[in-house]
């Protein structure tokens, strides 16, 4: 298998309510591909990113959908044909982690909405995640009706009908609903078939200057490592365009906070690419699509604990501006999604909002609010270009709730 085939080429989000089986489904789809390459970097990414790569394959003498598999050999021991490798982004289903799901959505090309057949539809986060996909504009959706092994036929049909009426009028209205059991690996072939049809690999420009969205960052050194053996900090994310190569000089924006004689300002970080990982392999270059790990020359204390998540990475001098405030056009939802479902009131001056721009989440205070427009001053700046989509969350009770979408002017 060539390195090119092995590299993931598309990012698929797994979204849905907590405990509906997203992580178990990832395990079923990853098949016999386990941690064969347990290098430190990959260990770090898979722990932090909540992601797994899966290679979809075809058994040559069996027609689809039954011929789809994730196994390297068919029933008679014959090798299977590789179709493509995909990266699954496992978005947290817990409501307090909604910001993480939104920042993950920035690097998704499509999504599998996982809904448990054992519970009524919709549960709170199922609804909130679907609304987030709608808002961010992820149109390629497949629905996995999970845990069918735990219900009888009548309940499975009732659940299917509930899902159908729930997605009516949303981005997932025409999405196929595939009944599966992640635990028993039932109908995984049908799910792969639906993903292959509904979530194609998008066309991307690999010949322009590279752009990577950082979704995670970490220190891969074990406690007690001597300074001679220290590895540089690692960034995990997705290349949206161009090629990233080992040895390349890179810039990170908005960078880091620096105290300049009592004045705090944000300065870009310049470093170099020391190593790259994609599809579980060390590679010399990463092309768009899929998730990758970038080993850098940065002090690992700068990258530990996701402290560089939300940065944009590229060639020095090619990145969008760093913004400490911006104006956005605002489109509000009709109602607040979640438990305290109520009408969304207009945004008012002085109110705090949680904003997700790309993979960056920040809090901003509204300095001016007009009809369909708001100016915000950010607590932590973002690097973003005009036209970027912004997920807007408001504090409702003790929680942040999704209330609308902004477009950066």
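Just so it is clear, glycine is given a Cβ too, placed from its N, Cα and C backbone atoms.
Among the ranges 90-93, 94-97, 98-101, the stretch that Swiss-Prot annotates as region 'G3' is 90-93. Between the listed ranges 44-48, 49-53, 54-58, 59-63, Swiss-Prot ties the annotation region 'G2' to 44-48. Of all ranges given (8-15, 16-23), Swiss-Prot attaches the label region 'G1' to 16-23. Using DSSP to sort the residues of the region 'G4' (146-149) gives these counts of helix, strand and coil: 2 helix, 1 strand, 1 coil. Cβ neighbours of residue 148 (GTP binding site) (same chain, under 8 Å, six or more residues apart in sequence): 117, 156, 179, 180, 181, 186, 187.
The candidate set comprises the binding-site residues 23, 146, 181, 183. Of these, 146 has the most other Cβ atoms within 10 Å.
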